[in-house]
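Quick notes on the structure that follows.
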Amino acid sequence: MSKKRLYEIAKEIGKESKEIVEKAKSLGLEVKSHASSVEESDAKRIVESFTVSVEPKAVTPTSKVEKEAKAQEGSVAAEPKAAATKPAGRPRPQNRNFKAEREARAKAEAERRQNNGERRNQNKGQNNRQKDNRNHGSQDRRNDNRNNRNRQNDNRRDNRNHFQNRQEASKSQPTGPRFDFKARAAALKAEQNAEYSRQSETRFHEAQEAKRQAAQAKEKAKKLNQKEQPTVEAAATAAPQAQPQTVEQVTHPAAVDTRRKKQARPDKSRDFSHENEDGPKQNKHKKNRNKQNQVRNQKNSNWNKKNKKSKNNRNHNANLKPVTERKFHELPKEFEYTEGMTVAEIAKRIKREPAEIVKKLFMMGVMATQNQSLDADTIELLMVDYGIEAHQKVEVDTADIERFFVEDDYLNPKNMVERAPVVTIMGHVDHGKTTLLDTLRNSRIATGEAGGITQHIGAYQIEEGGKKITFLDTPGHAAFTSMRARGASVTDITILIVAADDGVMPQTIEAINHSKAADVPIIVAINKIDKPGANPERVIGELAEYGVISTAWGGDSEFVEISAKFGQNIEELLETVLLVAEIQELKADPTVRAIGTVIEARLDKGKGAVATLLVQQGTLHVQDPIVVGNTFGRVRAMTNDLGRRVKVAAPSTPVSITGLNEAPMAGDHFAVYEDEKAARAAGEERAKRALLKQRQLTHRVSLDNLFDTLKAGEVKSVNVIIKADVQGSVEALAASLLKIDVEGVKVNVVHSAVGAINESDITLAEASNAVIIGFNVRPTPQARQQAEADEVEIRLHSIIYKVIEEVEDAMKGMLDPEFEEKIIGEALIRETFKVSKVGTIGGFMVTNGKITRDSSARVIRDGVVVFDGKLASLKHYKDDVKEVGNGQEGGLMIENYNDIKIDDTIEAYIMEEIKR
């Protein structure tokens, strides 16, 4: 069977949902609200229960005598009640909700009409028999109502009670299943007309009554005036106070009977806002027309003459308030100030007038106004003059992240727990650092590095014996010195890996220096012991020369011989790391807000700015507001070294985060703030300071460096744009290019950034005539098309030293070429031939080297160069040839020279470009 909801049943029978719910509960149905469903049979039961309750009651005939007695009884009872409750002064009626009353009356009228229709259908015969009695009774009721109308209108409260009784009666009447809107509209209109009629009739009778009272008061006053003048004056002053309503009514024109009109003109002296059907009238923006017929002549105006007083009288009679004396405030004993406080602020703090402080400053020789800022020295002198001990307020710089790393009270010693050691693997190029890390993590990351060089720092975490170890892998190339220095600053232990066959190399020495500068213990891993030429003892001896002495030799450095390729002695190396970490007692407070260091940063095309962070103290959570270097943001997502999403990062944990508005610099510190607003303010302030610092580094032209600046204009430059995959590579590449030393040419890095090569880079390169160098990145398809159209050169590389070589060659090519003279042969003139219109031909024999067609020639006579020029033609017998070898004969002509003589020496030479 189908089900129906309770509100559908209520809609069908014209009932409220609340009544349907109550009826259903009374019938024993389990329902909760109007949206509950019931079976079809239960729905019929509910409808039938309402049908039974609305059946009309039998009409009991009422005799004319009973009706007259009832009406007479009601009128007799109403008269003493009205007489007893009628006050001396008519009270102002309270506002009522007329709209709700009108709807209730209309609803009651509609239900009454419908019930009357049903009664007519059921009791048609009975109604026909009593038709005469009903008509006669209706006529009697109309007469009774007409007689009692005046008494009902005398008291407004009775009228209101009458409406309330009618409303209660209408509510008690049963309602039909359907609602007649036409009947409701007719009842509404009839009620409005009746209301207007009652108001009009009430006003008419009130006006008549006021007129009679005014005439009586006037006649009484006239009689009293004839008897005694003082008594009249007293009565005249008392009359307006005793009857303010009556006197005010006289000023209005005589009331007219307007009962036949739908709405009479409202009485301006009374408030009829309660009779407005939609509530009180809003007369805020309407003009006041209560006295619109009065003459408004300003010169002859006599309004309020009795109450007017002259200015002199008002001034003399005014009660002058005594001047309140200012309370004397004691000066404070101490005053905490900030530099730049104004005079007004100081006056407010010490409870003194600004004029007093300005006067004191003037006596001290300082000209100031109350809105002028004062420096610290002036404020202290002023406080000394007042006898107040002044001390400057120490303001905490919220933009200073470094304070979290040096403040002792930031960490709670009671909450300190043991943390994982951070280990940095350092060593020379291709000594096996990434291979060792690959062996530790059981992955093949090492094979993916180009040229055997780790291009950027990687941070990984492994577990050994139930304890975690965090590893940082640093590049070995000389260009990545700054990255190795950053790695040493955040590490706890350094693993110095040295190849057993190569020994100590330049980057090995550099790694030792970084570790010693950071005061980090060194564990030496001698790698490649599986090779035939391995000599670990030689490595130990070489390291001892640089201060890294083995514990076997009485030093403090642990030495472990390993083979990263075959995994030999790896467990021993990890145990050594944990042993050194245990000696150091590494601890962190996980309860504070997280602080740490940026290991690496890059710009991802889909994710935006991505930063690899190492949490050093506290715990980093997703959605934490964070300031990283000179940028800020909120941690949107966080992934660990395995690429898995995590929500929490404990101390010594490397994570990669997204949500920053820019890519930070590698090595920057980060800190979590209490809310995003504070983080934004700190980040913007740090960015502003960095920009200001960068501008201050810009050199200005002065008389001292003017000559150097003009001379620098002669120096040519190679403009380059650097784009790399990570920030560390960008820094290293830019630093390496700037170090290239080619006389007369310098490198100018126009722009460097992280991310793929895009259209804006092409536009910038075209405008600045620059070469774009992409390091481990590729141009977008749109950028590639634009580069081809604009003829912009893009060089893509994955190994840094190849980039350096290529740029160095380009720099050398920008210099003007230098040539040197190279003598390739000599010849002796044996005979000369003069040909008309051609010139002099010299027959020669090559005595040394060779004579070529494109070479230059000098004519030497008696050891003196008489001419230097180019060959016009070269022949061997009658054939034109390119060269004539040693011992051969030939003929030649020299451009613009015909004075060749026998025994002249011809020296052939070429100009060769000197390679730089």
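The backbone N, Cα and C atoms fix where each Cβ goes, glycine too.
Sequence annotations record features per position, and here Swiss-Prot assigns GTP binding site to 427-434, 473-477, 527-530. Feature annotation from Swiss-Prot assigns compositional bias 'Low complexity' to 77-88, 227-250, 291-304. Among the features that Swiss-Prot reports, compositional bias 'Basic residues' is placed at 305-314. Taken from Swiss-Prot, the feature region 'Disordered' covers 55-324. The feature region 'G1' is assigned by Swiss-Prot to 427-434. The region 'G2' annotation in Swiss-Prot covers 452-456, and the record cites similarity to another entry as its basis. Feature annotation from Swiss-Prot assigns region 'G3' to 473-476; the stated evidence is similarity to another entry. Marked as region 'G4' by Swiss-Prot on the basis of similarity to another entry: 527-530.
Around the Cβ of D430 (GTP binding site), the number of neighbouring Cβ atoms within 10 Å comes to 18. Counting other Cβ atoms within 10 Å of each Cβ, the binding-site residues G427, K433 show the lowest value at G427. Summarised by DSSP class, the composition of the region 'G1' (427-434) is 2 helix, 1 strand, 5 coil. Confidence over the region 'G3' (473-476), given as mean pLDDT on the 0 to 100 scale, stands at 57.
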